[in-house]
Amino acid sequence: MTVLGASAPIRNRRAPARLPAGPVVAGLAVLLVLVAGASLSLGASGILPWEMFLRPLNPAETAILFSIRLPRLILGALVGAGLAVSGVLMQGLFRNPLADPGLVGVSAGGGLGAVGAIVLGGALPAGIHAVTGMYLAPVFAFAGAGITTLILYRLARLRGHTSVTTMLLAGIVLGALANAFTGILIYLADDRQLRDLTFWGLGSLAGANWVKLAAAAPVLLAGLAVAPLLARGLNAMAMGEPAARHMGVPVERVKRGAIFAVAAMTGAAVAVSGGIGFVGIVAPHVLRLAIGPDHRRLIPASALFGAALLIVADTVARLIVAPAELPIGILMALIGAPVFLWLLLSRRPGTVM
Amino acid sequence: MIEARGIGAVLGGTKILHGVDFTARPGEMTVIVGPNGSGKTTLLRRLTGDLDGPGAVTLDAAPVAAMPPRLLALRRAVLQQAVQVGFPFTLREVVRMGFEAGHSAHAPAVVDMAIAEVGLSAKADHFLHDLSGGEQARGHLARARAQIWQPVTQGRACWLFVDEPVAALDIGHQILVMEVLRRFADTGGGVVAVMHDLNLTAMHADRVVLMSEGRVLADGPPEAVLTDDRLSAAYRSRIRINTAPAQGPWLLPQMAGRG
């Protein structure tokens, strides 16, 4: 499917020059350190980055830095990296640069899980609480995101090939369905649960603390650790599953790995930060233009870029209407929606749609 | 040696193959021909493992279905019809993917040699989806060749499975591609090809498998299989084979005109 009657393919044209991946990854790492430093020092109480090392901080500053800003910074970086890499993996799985967990209902599925944990958590047998402890919401979100990803993958491939039309529409339907169930849960919630849900639903890192970080970090890190192992397989799968199999890729294992990693990262991200969309579209898209579609480079670069992007967005969200805070989800949608539209309208003929 | 016994296939509730026996030997080009819907591509997909069904396929007596994909990729490459690439990879990047999956991964020069072999050196850094259909087909052949560059490794023959490799090509490139496959077979490798063009088949095949309605109608050297009776029966039309005399000049009246 081509969009808007795209013109004939342009022949005899070299691919535009790409930036060397190594320096780009190194540059992104430097960028991440810089924005992290800026994020730590900017805010209602200004502490310059080097002051942390040059002079002893007073107790109030120490509290702000280590109890509020630092866990929030680390959580933001992990969530940003997780969402960006989830986008890369999903796009590779569906052979389509428009796939994004937020867009195709996976985040909504994760949200349903998280809300379910908040609302129904008290009714669960004590044994489950003993096993899951503070991980209850991330585990439920992971299950919700995982089930949604699986259903979506089955639906989009009903006719033997992955169709983007089916995928987007099925994703919208799944998202609507998940949101409807979430609505029922919210209807059932009591006042205290409603307050929790409201803060969570705004899509914000505002409630970040070490406990939340400890709950989400292992899940996000597990997803981030699995992703690079899938890179070669996803490269080959750009030519379809049979071609990838002929090139020695254990296709079923790669697919399972990708679905697991996407569900883990999206689920954990949604559980701690609500619905933050478009990171998974913006970061991979910009990087594919810069360094090309090779997943071996795209995955680490997207992780760094996604982390930096979310830290910048969170810092801006904290500062722009200070002392109040803008939900970061709104900010990402303002950046991401135009990028998505640009991507949709600049699709080339001959690519899989 | 590729051997298949009693190969069946069912697609959408319809039986496509009825107990087909198939053998291909290294050093030969085995060409599967037959009319549309006779089961040529389905047979190839059963041989390459893309499709499951009754009957076992073996490579040197080992069942292909039980071989890990990683090891199988070192012994054989498959060129499907009309492969679409989902992301903006360049030709060189696509060929490199085949190369990295294959048995020549210690010899990086193979990537450029495979691209040169199909006559696409000038377009190595173009996006694959910017190339014409015929160029893309040759590009994917280069990917398969970069994966299986040596016809023989460690004393064992390697294999190329190709589905209509010349369908999108002009006559010059048809000959180029057939010569690439021919050379591979002549140097000890095995080629299994599905073809539509009976002339190119007659020119290059060592063995021809003529399919009709999911069965093998004839199997043997081209001169034994490509006969008037058999082709007429398979293609349901009157077909007459001509051969040029081995000696002496000859001419076609179509080529003559009044001076």
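Each Cβ is built from the backbone N, Cα and C atoms, and glycine gets one as well.
Unlike curated records, TrEMBL annotations are generated automatically.
As given in TrEMBL:
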TRANSMEM  A:21-50  transmembrane segment
TRANSMEM  A:70-90  transmembrane segment
TRANSMEM  A:102-123  transmembrane segment
TRANSMEM  A:135-156  transmembrane segment
TRANSMEM  A:168-189  transmembrane segment
TRANSMEM  A:209-231  transmembrane segment
TRANSMEM  A:257-283  transmembrane segment
TRANSMEM  A:303-321  transmembrane segment
TRANSMEM  A:328-345  transmembrane segment
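Two recorded stretches are said to be in contact when at least 3 C-beta pairs lie under 8 angstroms, sequence spacing 6 or more; the transmembrane segment (A:303-321) and the transmembrane segment (A:70-90) meet this definition. A contact between the transmembrane segment (A:168-189) and the transmembrane segment (A:102-123) is present, since 3 or more of their C-beta pairs, 6 or more residues apart, lie under 8 Å.
Residues 32, 36, 39-40, 99-102, 104, 106, 149, 205-206, 208-210, 212-213, 216-217, 220-221, 223-224, 227, 230, 234, 258, 261-262, 265-266, 268-269, 272-273, 276, 279-281, 283-284, 295, 298-299, 302-311, 314 of the same chain sit 6 or more residues outside the transmembrane segment (A:70-90) yet have a Cβ under 8 Å from a Cβ within it. For the transmembrane segment (A:102-123), the neighbouring stretch richest in Cβ pairs under 8 Å, chosen from A:135-156, A:209-231, A:257-283, A:328-345, is A:135-156.
Remote same-chain residues near the transmembrane segment (A:257-283) are listed as 75, 79-80, 82-90, 92-93, 98, 100-103, 106-108, 110-111, 113-114, 117, 137-138, 140-146, 148-150, 153, 200-205, 208, 212-213, 215-216, 219-220, 222-224, 226-227, 229-230, 234, 302, 305-306, 309-310, 327-329, 332-333, 335-337, 339-340, 343 (criterion: CB distance under 8 Å, separation of at least six residues from the stretch ends). Within its own chain, the transmembrane segment (A:328-345) has Cβ neighbours under 8 Å at 3-4, 97-98, 103, 202-205, 273-279, 281-282, 285-286, 310, 313-314, 316-317, counting only residues six or more beyond its boundaries. Residues 90, 93-94, 101, 104-114, 116-118, 121, 124, 128-129, 162-163, 166-167, 170-171, 174, 178, 215-216, 219, 255, 259-260, 262-264, 266-268, 270-272 of the same chain sit 6 or more residues outside the transmembrane segment (A:135-156) yet have a Cβ under 8 Å from a Cβ within it.
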